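Structure record follows, encoded as structure tokens.
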Amino acid sequence: MSGLRKTNSGYGFFNISVGEAPDTANAISLCRGDVEAHICLSCVKDAIVQETQTDCPNSRYASAYNDICFLRYSDATILGINEMEGRSYSWPTNDDNSSDIGFFLALSQLLGNLRGKAADGGSLLKFATGNTSVPDSSKVIYALVQCTPDLSTQQCNDCLQNLINRIPKEISRKGASARTPSCTIRYENYLFYNKTPIIPLPSSAPNLPLPSSGKDTNTGTTRRMAAIIIPVVFVIIVVISIGMYIIWRRKETLGRKFKSKIMDVSIVESLHYDFHTIRAATNDFSENNKLGQGGFGSVYEGKLPNGQAIAVKRLFRESEQGETEFKNEVLLVAKLQHRNLVRLIGFTLEGIERLLIYEFVANASLDKFIFGSPITAFLSIVFFFYLFLKKIIAHVEFLLQLIDPTKRLLLDWDTRYKIVGGIARGLLYLHEDSRLRIIHRDLKAANVLLDTNMDPKIADFGMARLFNPDEIEGNTNRIVGTFGYMAPEYALYGQFSVKSDVFSFGVLVLETVAGQRNQRFRNGQGVEGLLTYAWKCLQDGTVSNMIDPILKENFSSLNEMVRTIHIGLLCVQNNVVDRPTMAEVVHMLKSTSLPLAKPSEPAFFMHTSVAEQILNPIQDNNMGNNKGSHFSVNDVTISDLVPR
């Protein structure tokens, strides 16, 4: 301990290691980055005296903190370790135990910005201070964050984020602090730190040692080298500083734009729900209330005190992607209002809890209705008997539930056509009619919910991307979505646009008319892709062959069914340019007299021989391994779960 004070790095960090394992003694000390050097040394000295007289004789590990510095020693390795044991919190709450969402979000944003600055501080000093104003208030928040400089950038980020995540929503507006042996955060409602760090920072150029004696020639050479090196180093530092300033200004500008969105306090306050209210509504997130689980969290059914039914998505606490989705949903979906989009009722933001609250949609998703059930063969026998009973039995829906667990017979042609039109209008709103331009990227039958009137509602915006109005397309290295619904340019190259959603819509249209899944479509003679079979039928004039047999009784609507298949094939064309926009699709669905262009081959087109070679072995393999089960390639998905 006595040698620790002599190891000052020049930036308030001290470390020493003495002895050999297993009797090694390691110690570090760190001063706050804004204190004067003599105050720092005095604080470290006092801490050493205190520890050697109290804990040191009786313990192989101890740490001591005060407002200026901290000291820590151990017989285990200390340097380069993000130590989370020994955390301490001072989280005073408001006098009335109330929450101030505007204050909480402003504080979180400030600490998040400072976290990044401190983590990027280099190996000598990881320290940052700053302040921000609370929206619609005269309050100013002053904050300080610091890591021990032996941590890596990622370790410092993780350490500070761990503390930030634990800040309760009811945190006091006056001030609070928290620390671990590796990092600390603190904020107050007054300026408590020095605006300029007092501990010396690196000089703009190294001091070149000049020899005190020697020959004149050596002295002259050294001076000439110094005259060259110093200006060069100075120019390099100036260029780097200008570049860093430009990057910082750009980040600040983007940060202000994001902050202006998230700090719409009127919207945030109206959508925020207390965590205890939602926990009670879901029966403490009971397994009996659980509807399912997705990539970023679990979904629960619940009921608010006013009797409103809700679906609650509880995001995984350790998921960084879930945190991104949470912000995306709150900022994006909350601003979308359309009868064919599932509505976000609100959210909960408390400590590390992130909840998204949606309207509860009574019926299941579209895929539960249109795809065949295990008793499809039986249905073909009882179907005509059903038609007779339909005329004389009042409770038809009860009968349908008895003979068809998938409720497939509830979807007559008029209902299916209404669903197709509703989905089209919902996509048109996302692409063109809302204040934002949004690409859904995961449209499929499972992500379309049906309400009590069988009106469709597009759901699951976890993969959605926001575009500026003047943007046409985007690129991504992370392909998300469901195989079978992905456009070829997106699945193969990561390129997506509104036409990617159009392709998914086309697949969904063909599935709705056929009553079968895309990649496991059965035409009575073999197995091939639905897109391929539909295109062949259109060329041969036999489109009626692919229509769901349940619909064929409705001869008066046959032309409308064929036209709908034609529109679906226009949407799934391989060439992006050839596909219509959703505005054109809606117009084609409304105007039955509008002539339709001849579609080119669809994406992923397979000739019969190729289809048999590829699909039949897959079928045989799966039938051998899963006897009695129904195999579906479309079930492979990497999208998040849709709330029901």
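Glycine is no exception: its Cβ is also placed from the backbone N, Cα and C atoms.
A TrEMBL annotation is a machine prediction, not a hand-curated record.
Per TrEMBL, the features are as follows:
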type	residues	note
DOMAIN	1-78	domain 'Gnk2-homologous'
DOMAIN	85-192	domain 'Gnk2-homologous'
TRANSMEM	225-248	transmembrane segment
DOMAIN	285-604	domain 'Protein kinase'
BINDING	Lys313	ATP binding site
TRANSMEM	369-389	transmembrane segment
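Each residue in the domain 'Gnk2-homologous' (1-78) gets a DSSP state, and the totals come to 21 helix, 24 strand, 33 coil. Summarising the environment of the residue listed as 'ATP binding site', the number of other Cβ atoms within 10 Å of its Cβ, over all protein chains shown, is 29. Across the domain 'Gnk2-homologous' (85-192), mean pLDDT in this model comes to 87. Helix first, then strand, then coil: DSSP counts for the domain 'Gnk2-homologous' (85-192) stand at 32 helix, 32 strand, 44 coil. Look at Lys313 (ATP binding site): DSSP puts it in a strand.
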